[in-house]
Amino acid sequence: MIKPSLGGSTRSIYLGLACLSLSLHLLLAFFCLSVLQTACVLPTSSPASTPTRTNSQHSQSISHSSSSSPSSAASSSRKLPTIPRSEEHHPLSANTSSDATGTRKKRIGAGKGQRVKSLSKLEELFKHPLYNLPRPQLQDDDWLLRLKTNEHGTWLSLSLTGYDKAAWTSKAETHPPWLRFHLGISRWELYDRKDPIVAQLTHYLATQRVLGAVQKTGGTQLKLLMSFPNHGQALLKPMKQSRDAETDVNLFYFSDFERHNAEIAAFHLDRLLGFNRIPPVVGRLINVTSEVREITSDKKLARTFFTSPAGNVCFYGVCEYYCSSEHPVCGRPHELEVSLAAMLPDLSLAPRRSWRSPWRRSYSRNKLAQWQKDPAYCDTVKQKPPYSEGTRLVDLIDMAVLDFLMSNMDRHHYETFEKFGNETFLLHLDNGRAFGRHSQDEPSILVPLQQCCRIRRTTLLRLRILSLPAFRLSDVMRESLLSDPLAAVAPVLSEPHLSALDRRLAAVLQVVEACEQHHDDVIYDDWEG
C-alpha cells in the first residue's frame, strides 16, 4: 500500500514542476516579444525635426574635437610608429577646414554613407602648387658629389679621404642613408622634400647603435660628434633647459644657452618655408653612461663626468661658455634628450666657404653695428659683390625671415659650397639659440628686409599661404613636429612658441606691405617663380 501512494505523489510533483516551467517559458517569450517590438518602433517626431537634431549633435562633436585638439595631439604623439613615414603618407590626418592639428579624422560622404579620409593641413600644404614648382634641369656640375667606378667595377666616392676607403655597389639601396643624403645635394637645395631619404636618414640617426662619442672642436658651447654603423656621423646638442624656459631678459644674445629642441624645430620650419637649407635633425633619448661615457675615446671629455647629489650622471666637457660643474649636462639618471643633426660631406670632399653676414651684430655690450646706425645701409651692401648680382641678396633676406620667425639673433656668418660659386643657396646652420623667447619679438632681425625692401616671390607667396587659416603656420608646424621621436616625451615646441610663429609671420607681411607702398621693385622673380 505504501508503494502506490509514493508513486502517485511523485507523479504529482513532476507534473506540477512541468506546468510551472511551461508557464515561465511562456511569460519570458511574451516579454521578449514586447521588447523587440518596442525597439523597432520609429520615433514619432516629424521629418523636419530629425535633421535639426542630427546637425546639433554633429556641431557639438566638432566643437568638442576642436577644444580637445591639444590633448588629442599629445596623446597621438605617444603612439608614433617606430619607422617614420614620408610626409606624403603621414600617419596623422586632420580636416583642413578646422583647427585640429595632427589627429586622424574622417568625414561621412554626403548621401552615400561612405567614410572618406581627409588630408591633414600639412599634407594639403605640401600638395599646393607652390610646393611643387618645376625645378630646372640639373646638369652634372649641379650635383655636389657624384659616384664613379674603378677598374673592378666597384662604385666609389669622388675621394676616399672623407669616407675611410669605404666601397659600395652601384645599387643606391646598398648605400647608407647618410651617403644617399650627400649624393642628393644639388646647387639649389640640400635635399628634395619628396625624397624618402630624409625620413630614412632621421630614422637611422634616431635608432642606430652609437659606436663613438667625442667632443666637437670649435664653437662656444658643448657639442659632441657621434659615430654610427657604416661610417655615419651626427652632431649632438644636449638638453640644458626645459622647453618652457624663456631666455633671461638680462642676457645678451651671445650669452644665451643653445637648445636641442631649437635645432629640431628650425629644421622643420625651414622645410615648411620651402627652403630645404638645413641638414636633417632628429631628437633622441640617449644613455649618457653607455652611449657616451663608456665608449668615448676623448679623455678630456671623460674627465668631466661625475654623479650629482641627486644621483644623476652628469658631464660638462670643455668649451668657452657654460662648460663647468656649475652648468652640467645631466641625465635622469642616465637618460638625456638630445638633438642629432646630419653631418655635411667632409670638407676634403666638398669645401665650404664662410661668409661674414653684412648684418652681423657687434657682439659687444656697448657698441652698435654699422647697419644699426645707418638706415640706408642696404644701398652700400647692394653695390658690393656677391650682393650686387644674382640671388645672394634675396637668399640673405630668406635667412632673415627664417631667423625672425624663430627669434634667432645669432647669425654672424653663413656658408656656401665652394663648388657652386655664388650661384647657389645659403646653408642655414647652427640654430641652437633660436626659440629662446616667445613673449616678445626682435624686430632688428628683420632689418635686411626693411632696409632693402626685396623679397623672393615664392617666399612671399608661401608666407601668405601660411597666414591663411587652412594652412596656419602654427598648425602645420605642430603637426610636422609630431613626427619627431621626442614628441612622444613632450611637445618639441610649447604652445606659446607656436603662437609666436603666427604673430611674427603677420609682422613680416606688414613689413612687405609697407615696402610695396614706397617701392616698385620689392618682389624678386627668380628661377622658381
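Cβ atoms are placed via backbone N, Cα and C, with glycine included.
Values in this document were obtained by computation on a predicted structure and should not be read as measured data.
According to TrEMBL, the feature region 'Disordered' maps to 46-115. Residues or ranges marked as compositional bias 'Low complexity' by TrEMBL: 46-77. The ATP binding site annotation in TrEMBL covers Q221, K237, E258, A341, A342, M343, L344, E415, D430. According to TrEMBL, the feature Mn(2+) binding site maps to E258, D430. Residues or ranges marked as domain 'FAM20 C-terminal' in TrEMBL: 305-519. According to TrEMBL, the active site annotation covers D410.
Here the features listed in TrEMBL are painted onto the structure.
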{"residue": "Q221", "record": "ATP binding site", "Cβ within 10 Å": "19"}
{"residue": "E258", "record": "ATP binding site", "Cβ within 10 Å": "25"}
{"residue": "A342", "record": "ATP binding site", "Cβ within 10 Å": "25"}
{"residue": "L344", "record": "ATP binding site", "Cβ within 10 Å": "21"}
{"residue": "D410", "record": "active site", "Cβ within 10 Å": "18"}
{"residue": "D430", "record": "ATP binding site", "Cβ within 10 Å": "23"}
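On the backbone, the CA of D430 (ATP binding site) and the CA of D410 (active site) stand 9 Å apart. Rounded to a whole number, the C-alpha distance linking L344 (ATP binding site) with D410 (active site) is 21 angstrom.
Recorded residues the residue listed as 'active site' and A342 (ATP binding site) have their alpha carbons 21 Å apart, per Cα-Cα distance. Averaged over the domain 'FAM20 C-terminal' (305-519), the predicted model reaches a pLDDT of 95. Maximum intra-site Cα distance, ATP binding residues Q221, K237, E258, A341, A342, M343, L344, E415, D430: 20 Å.
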